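As recorded in Swiss-Prot:
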- Lys91: active site, electron donor/acceptor (ACT_SITE)
- Cys53, Cys56, Cys61, Cys89: [4Fe-4S] cluster binding site (BINDING)
- 45-103: domain '4Fe-4S Mo/W bis-MGD-type' (DOMAIN)
- 1-34: signal peptide (SIGNAL)
Amino acid sequence: MGNLTMSRRTFVKTAAITGAAAAAFGASTHTALAEETYSSVSGNDTVAVKTCCRGCGKMECGVKVIVQNGRAIRVEGDEGAFQSMGNCCTKSQSSIQAAYHPDRLHYPMKRTNPKGEEPGWQRISWDEAMQSIVDNFMDIKAKHGGEAIACQVGTSRIWCMHSESILKNMLETPNNVEAWQICKGPRHFATTMVSQFAMSWMETITRPKVYVQWGGASELSNYDDSCRTTVDVASRADVHISVDPRMANMGKEADYWQHLRPGTDGALALAWTNVIIEKKLYDELYVKKWTNAPFLVCEDMEPSGFPTVRTDGSYWDVKTALLKESDIKEGGSPYKFLVYDNNWEKLKAEGVEHEYGAFTWFNADQEGVIDETGGFWEGENYDSEKARQGREAAQDNLLPGQTQGWLPDPMPFDPAIDPALEGEFEITLKDGKTVKVKPVWEHYKARAAEYKPEVAAEITGIPASEIEAAATAYGTRIDPSTGYGNGGIQYMLAVEHFCSAIQNCSAFDNLVGITGNMDTPGGNRGPTIVPIDGDLQGFSAWAPGATTPPEEVNRKQIGIDKFPLLGWWQYWCDSHSLWDAVITGDPYPVRALWNESGNFMSQTNTTRAWEALCSLDFYVDLNLWHTPQNDTADIILPVAHWIELNSPRASQGSAGAMGATVKCVQPPAEAKYDPEIVMDLARRMNWKWTDEPGNEWPDINWQLDDSIKLLTDDELTYTTWHVENGKPTFERHGVPMAEVTPKYKTWDEYVKAFQEHGWWQAKDIEPRNWGTYRRYQTGAMRARDRVWGRLDYTAGKGIGDWKPGWFTPTMKQEIWSTVMESHHPDHPEWRLPTYTEPPHGPKDGDRIKEYPLTATTGRRIPVYFHSEHRQLPWCRELWPVPRVEINPKTAAEYGIEQGDWVWIETEWGKIREVADLYYGVKEDVINLEHTWWYPEVKDAGHGWQFSQVNQLIDHYAQDPHSGTSNLRAYQVKIYKATPENSPFNNPVPCDSTGTPIIHTSDDPRLKEWLPTYEGRE
């Protein structure tokens, strides 16, 4: 591999002696914080700017950017950032190399050569670029409709992710290709369906007693609590369980390693569920009161239901076999779900009598369509303030100064009903027919029994005794006095990359719930809630006063016919179907694309996606770099790096941190901030962003000021409920949205406070909401709108009803999914979590003869974030080539040695990667690296064809609900790359001239990528 020759110290030394200070750009925007500070310093004095790192797209690590004379010279960890503990990983430190890279895009460009060839980029002005975009979009829209223009976005740098989303409204298109479809999206999709949006996020930062790390290596990179935090959490846990097909870095330290076959996560989750149920390790009160486990299933009647709200606010019809009052009584409510009360006779003797004898009901009429008792049980007594009674949480290993949070005591039923979880009961329907009904729990119990440890062992390859031991360790409370479980499950990206993505995530959500780990300390809590909601800042996510497309536009979304639940979800179109539509024109032509940080290599078969990109009439790409994808663009626009921009920021997950990404230095030359570009497009298209006369297209200063105005010392509006004998009353409290006094009048004031205070704890900012656990009990789970939790300052929108429960059709965590049942009536097996074998896996007897090895992929690499950083010299020097991990015994069978280039092949494509012999993968499994390309290759596409793993996948192997690509657990064959079987007689990939890629750490081309400080004016 050669010797490492370029150290971080070498670069810092170079940075100190090279070039002049970067010049200012864009007088209309906030100046870089460091520049303002320089008025009082001189010479070699430096400023440390607190900010939020975006070296990867996941973790909100607090860092300091060290700026000297207008130039950023290094990034270091912020020890005061409680969520990241001063962590500063290799990607973060290398951000300086990205910001000052000689290959950064500085100016708008247009292509001059045909697509599929080297683009022949020509510099143009911003005015020419933007006018060309408007003209082409309007022409295509006039010919084919807004749906002929698609939007694409990558992962969560929020300023591009949500700027792109508003473009859907602007262009009136339902079609957006999202990395979200294969990255966190299936988790968010599934949890929205069965509990609450993004309840997959786990509060690892409060250090659970049992830490379950499922399908990821967050000790290396990514996810809300990663790197140093993950190591600390795992080290302090009483029990650490790692579930992974390969031995991850922290896996070797785990108490239990569940070494499963790739793609069998769902079977293992159901096996754990079986153990939990059979050993009665579940939280009985939670299961009975806050899930639909006691609701009764009637399989001898036609499903019926009621209209309820989609994620976008439109309506759809629930059709369910769950027994309702309307099924047993003419004129009865379809919202009242019946349960059998084991205590009915005792209560009757005490003078509490149910309307239907042994059966009582829960009313899920959350919008008060029929009566006011929605959200409550028959005859219930409930008081919001009593629901909050409890104590401060008592997690053992919090960092000094970290807020514990308020833990309400579990609230028993009042009156003391006892909903049955088991049994079979007779009831007479309104047509006079007597039927037998069973609780959902009976069906769930039977489903889990299909995957008891002995069965799951055959599927997963893990011994049954080890499955039972790990599940028991997770479910058995180490300290029962806490009143909650040992912790949630940090299930990560791997579980989403199969045709069972949604079912996998539903299985985890239910498992967390029944063990008493939903919204509890160290449990799964969902996205952090704070008033600024940095993940959804106003200027990049929504446009107050702007118009939204009519509902019929959303009904045109590509892929909705193949995946009906996309019509319920509505946050992405199916990427596979979109690329097909570009090529075939079916179901209608898609002729243009707007892309902000999206990457065609992340999902679908890459070869098919490339064909589609080359077929577009017009394509605009916003980026920092020349990339494989934008080699097919017609116009590319240069954008700012994270150290060159301002953005509010809160933890996307459960870490509970609030801060900011702060502009440290000016962007180079003519690079602009994504929201400014989108706003300019809106102005040129006469699409009004606000309804404020004279400020229809506000500048970035106004938008930033607007983004923090709900941060206040006032208590925001909330509602308390008092229910007596089933009769509810409510009272509003706090200050209405439009009347709050902002704590900081301007963005600059907020940033100044952030520099002085550091990261705030959301538990302190919103004590009734994020600062309180068991929000399903207090009503705070429904305090904000049903998906994003967005607050609309001007209209007071986004405020929920504060009723206890969840935002599901039944207002319960749904073990039996009414959403799935309603959209897939012909698949009764999908109503409960289930397991499906991966297509093209080892159970495919015909294929395994030719393709004997199971491929997995997607692991975290310390120096890269998916496709990013391949041109950063520190990173590429440390990890110059893609590696395929092969068990040494397997490698010996194929005559492969450490460092050999290896061909990996399926019937859909073949690639080359370098052998890395590792006993941490099983003998019949190989582990491939993903999204590789070679910036040094100047041919169109920058050599993505050489090693990009998704060339190997079946384009049409998808999850039947979300459309997610089956990216892992498929069969491949391997053989050593030799001069005889390689182009140019070279096992190392070469460009069209025969020049090899950079494949050693001492390649002199790496030095050509060292930072430059010239040409930024």
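Here, residue 1 is simply the first one shown, and the rest follow in order.
The backbone N, Cα and C atoms fix where each Cβ goes, glycine too.
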Secondary structure tally of the domain '4Fe-4S Mo/W bis-MGD-type' (45-103) (DSSP, helix then strand then coil): 9 helix, 21 strand, 29 coil
Cα-Cα distance linking Lys91 (active site, electron donor/acceptor) and Cys61 ([4Fe-4S] cluster binding site), given in Å to the nearest integer: 11
Rounded inter-Cα distance in Å - Lys91 (active site, electron donor/acceptor), Cys53 ([4Fe-4S] cluster binding site): 9
PLDDT averaged over every residue in the domain '4Fe-4S Mo/W bis-MGD-type' (45-103): 94
Other residues, Cβ within 8 Å of Cys53, Cys56, Cys61, Cys89 Cβ centroid ([4Fe-4S] cluster site): Arg54, Gly55, Met59, Val63, Ser84, Asn87, Cys88, Lys91, Ser92, Ser221, Ser226, Cys227
Fewest-neighbour residue among binding-site residues, criterion Cβ within 10 Å, set Cys53, Cys56, Cys61: Cys56
Neighbour count (Cβ, 10 Å) for the residue listed as 'active site, electron donor/acceptor': 29
Neighbouring C-beta atoms (10 Å sphere around the C-beta of Cys89 ([4Fe-4S] cluster binding site)): 25
